[in-house]
Amino acid sequence: MTDRLTPRRAAPRQPALLPLADRCTALLSRLSHADAAGGIVLLIAAAAALAWANSPWAASYHALWHVPLSVAVGGWQLTQSLHFWVNDALMTVFFLVVGLEIRRELHDGVLAQPRDALLPVLAALGGVAVPALLYLALVPPALRSGWAVPTATDIAFAVGVLALLGRGLPPVLRVFLLTLAIIDDLVAVLIIALFYSGGLQWPMFGIAALGLAGVLLLQQLGVRRAWAYVPAGAVLWWGIWQTGAHPTLAGVVLGLVTPVHALAGREPAPPVQRVQASLHPWVTFGVMPLFALANAGVALGSAGGAQPAAPGTGLLMAAVAVALVAGKPLGVLLACWLAVRLRLCALPAGMGWGGLLLTGLLAGIGFTMAIFIATLAFDSAALLDAAKRGVLLASGLAALLGLAWGWWLQRRATTA
């Protein structure tokens, strides 16, 4: 995740007066402004998961995520595995930040002006359609449920790799990549809602609607304490889960209904800005690394207890990798070329086709969202592991290709 494209910061409070939680948030927020930091932490978590899952202690890695944890409120109790609480509960906070980003950009950001947003919107759609079609062309019908896996972009990794290239590239590249990635997130949310929420129990939407009504009522009453929204948000989450849809969609809903205007005389900044600023560092340095630790532990050989390859796993891994590494940049370039050719829009000032290829390569870093979609697409452990291996391979290749191409662009610019 990333901050808004042009963030407005409220005046900081004196550190000595801040509670411990606020001081931790302030520290993490300062770290998160270094774009590479989030990607580096995510990479460390993924590497730790891979090392653990392929070590002599691999059994303890898998056992950890199956440890049952219970949450009880009065006489009501919910017991699920630690893996569930990470993927289905904590990731709701990740999707809340996604919803907040989309809400802000729709209100007064790059998505508020259709003309400015048209090219990155088309680039994002091309970067979704081409990888999906390429994947479908490479796999047999039995594996087609994973078509959406190579459509996602990991903002933290992509922006982190771009930051490693330094300041020798035009600033417009970062803005374009961020805009493309935000739209990519929106498309991914729609894909999850429309294609990976089968067997919906429509009567249970009443419970979700009750939770949402509670959130909206608190807003109308002018309640601005975040903790006051937790019970209503929990009802919304539980209701969506009971419908058969993925419960993390509750985070997107909450983000999209967060107020964008501050109460006159009562708030220094709008709630959507304050909530995003508070949650962003915790998501970047807590939720996302924990998700990587819980999901990137794929056995690569006998040391990790890997089972004999099931039919189709090799093809699945290759299809995901090819669709991300080749399909993403091809889709981005093709969509933008058609848009320019048809005179629907023009390339941003200071951005050439080489820079556009760089954004396409970095968009091929799927990681977090791609692995998340894979967990929804495949019930078979063997197929899920193969899809994860494809995502990890593709993300590494896309990062290396992006670094190499970005370095070449910088060198060409300095020698021109």
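Positions of Cβ are set from backbone N, Cα and C atoms, glycine also.
Keep in mind that this is a model prediction, so the values were computed, not measured.
Copied over from Swiss-Prot:
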type	residues	note
TRANSMEM	39-59	transmembrane segment
TRANSMEM	82-102	transmembrane segment
TRANSMEM	119-139	transmembrane segment
TRANSMEM	146-166	transmembrane segment
TRANSMEM	175-195	transmembrane segment
TRANSMEM	198-218	transmembrane segment
TRANSMEM	234-254	transmembrane segment
TRANSMEM	281-301	transmembrane segment
TRANSMEM	315-335	transmembrane segment
TRANSMEM	353-373	transmembrane segment
TRANSMEM	390-410	transmembrane segment
Which of 39-59, 82-102, 146-166, 198-218, 281-301 contacts the transmembrane segment (119-139) most, counting Cβ pairs under 8 Å: 146-166
Ranked first among 39-59, 82-102, 146-166, 281-301, 315-335 for CB pairs under 8 angstroms with the transmembrane segment (353-373): 146-166
For the transmembrane segment (234-254): best-contacting stretch of 39-59, 175-195, 281-301, 315-335, 390-410, by Cβ pairs under 8 Å: 175-195
Leading contact stretch, 82-102, 281-301, 315-335, 390-410 vs the transmembrane segment (146-166) - CB distance under 8 Å: 390-410
For the transmembrane segment (82-102): best-contacting stretch of 39-59, 281-301, 315-335, 390-410, by Cβ pairs under 8 Å: 281-301
